[in-house]
Amino acid sequence: MILTSLNLYQYRLPLDVLLPVGKQRIDHRAGLVLQACASANVGDEYKQVEVEIAPLSGIDVDEQVFVGFSRETLAQVQTALTELLPQLGGQHIDTLLDYAEQSPYPSLAFGLSLLHAKLMGKLDAIRPQTATVPLIYHPSDAGKDLHDNKIAALGMHVHSVKVKVAQTSIEDELSLIYGILRTRPDLKLRLDANRGFTLEQAIEFAACLPLDTIEYIEEPCQNPQDNLEFYQAIGMPYALDESLNDPDYQFAMQNGLTALVIKPMLLGSIEKLANLIDTAQSYGVRCIISSSLESSLGISDLAHLAAILTPDEIPGLDTLSAFNQDLIVSSGKKHFLSLAQLEPVAQHAIDSTQQSDLGAAKREEN
Ligand SMILES: O=C(O)CCC(=O)c1ccccc1C(=O)O
Ligand SMILES: [Mg+2]
């Protein structure tokens with residue numbers, strides 16, 4: 001299949017409530033949508049797909065740059081893609097994979113590999129993972145009632161929730177957790193400390209919790225080298241998340257390491273993800289595909305990818321509730337932004353003479 005046209009758009013979506021990015025908060029999300037058309041032969045039926053490319057970087061509500069997630073900026077990715085589009089036009093779709101492997105930007109590598117997978121129809125046949133793990137965190141302006149209501153409203157098909165910790169005081173967070181367990185004693189918890197505790201604080205906190213209700217705690221310690229000692233002291237399994245964003249991260253098995261939280265937008269190509277998942281699972285480490293706060297388009301693709309790459313796990317994709325509109329793919333919201341409503345930032349189409357050249361070249365090959 002040959003790439004016949006490529007269109008790049010930008011989106012900016014306001015959020016109804018602040019979303020946590022580690023310890024920071026954002027009130028909008030911006031990113032790119034790349035649309036591509038490909039056909040087997042000129043004049044043939046063509047396939048048209050869109051992917052979201054949205055590095056998790058930018059400015060938080062306090063005008064601070066947020067740290068610890070994507071290293072590349074949206075502007076860098078947009079520039080790289082604008083230069084890339086004319087090179088991609090007229091090429092075989094497998095070229096997308098070459099560029100994905102070469103790109104220094106994980107978000108771009110992921111987006112190009114996903115575009116390839118979608119053009120190949122690899123996401124079509126699969127039923128997306130619809131179960132998700134509700135995310136409970138402390139919006140600075142919301143009280144305890146909001147959490148109580150959210151927990152009370154959870155269906156009985158929900159078996160795990162994810163709770164952000166190391167954000168306020170240990171007392172308040174313990175009371176939140178015990179409140180959840182009082183309402184739903186059957187729930188298992190995935191805690192996420194986002195490296196917010198010292199070793200001593202992490203141990204003190206974990207010591208106050210019933211171990212058998214905790215699936216794992218993500219990144220318990222400020223210094224991840226302390227995670228092992230945390231585990232040895234308290235026996236609470238932990239997961240890695242931010243650690244995977246280090247460009248030099250290599251999987252290493254360690255006592256107590258139970259899960260990797262895999263955010264494709266931060267890590268790179270689908271091939272790279274699949275290799276990491278294979279390695280981790282061969283050590284019995286679970287892999288949980290998780291959101292990087294993508295729009296409904298990106299989340300829908302992650303739900304499909306999770307069904308393919310980690311069919312036995314429920315992904316962490318409960319981040320759409322803060323968005324007040326859907327983008328290109330409906331998640332059931334009242335407001336919907338279509339591609340036509342986005343601002344185009346770069347376009348490339350091979351014209352019909354190029355197309356017939358290509359057609360001729362292809363016929364000669366055969
Ligand atoms: O993992 C999830 O369930 C939701 C996604 C999430 O928590 C998250 C989203 C963006 C950036 C960081 C994080 C995080 O895991 O800390
Ligand atoms: Mg995390």
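The backbone N, Cα and C atoms fix where each Cβ goes, and this holds for glycine too.
Those TrEMBL annotations? Automatic predictions, nothing curated.
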TrEMBL annotation, Mg(2+) site containing Glu218, Asp241 - matching residue among Asp172, Asp186, Asp192, Asp278: Asp192
Other same-chain residues whose Cβ falls within 8 Å of the Cβ centroid of Asp192, Glu218, Asp241, the recorded Mg(2+) site, in sequence order: Arg190, Leu191, Ala193, Asn194, Ile217, Glu219, Ala239, Leu240, Glu242, Val261
Which recorded positions sit within 10 Å of Lys164 (active site, proton donor) - Cα, from Asp192, Glu218, Asp241, Lys263: Asp192, Glu218
Cβ under 6 Å from ligand 2: qualifying recorded positions of Lys164, Asp192, Lys263: Asp192
Assigned conformation of Asp241 (Mg(2+) binding site) - DSSP reduced to three states: coil
